[in-house]
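Following: one structure in structure tokens, then a few remarks.
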């Protein structure tokens, strides 16, 4: 089973990715953890990450995708399954992730799309900010993050739907109830004939050129 996670902040993406990883016995590839791990191990990629972070810059896609390639290569050696959490967040990352996975012969079976209302996401993120003592996570900041998700990440959902790999689950309920539906939906998808991968030069069925 190979799964991509697509969800707004606060929808429980990391929680459900961990459930999927445990149930299907596949690696949970979390982009944030990859970044921290490479920095901690002082790898060449980690040095590049640290350099950008120290300058207050975003880590460029080229570095992130190099880490994803390494992680997917390791996942292939371990059996070929994975659940990818945190990437892709942009159309460019979606295209790059697909090309890497296609090259390795391990494109995603499912793009799991978790949904919840903005009010519920705001409530969860504000509660998390209190627990984690993140005073910078104000309502305005959180709403900006949600707007950014809808503008930049959410359009990728249309492409996954068109490819026939999208599975949408309502994440408004308790995490255990969501997990039950997620596993049932993934197992049902696993039993279906696999959707054909689009060729990288056929227009992809959607414009992935930006933003």
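Heads up, the Cβ atoms here are built off N, Cα and C, so glycines get one too.
For the ATP site, TrEMBL gives 10, 11, 12, 13, 14, 15, 128; the one candidate out of 55, 163, 173 that the record lists there too is 173.
Across the region 'NMP' (30-59), the prediction's mean pLDDT works out to 86. In this entry, AMP is bound by 31, 36, 57, 58, 59, 93, 134, 145, whose most widely separated C-alpha atoms sit 28 angstrom apart. Geometry remark: residue 11 (ATP binding site) versus residue 59 (AMP binding site), CA distance 24 Å.
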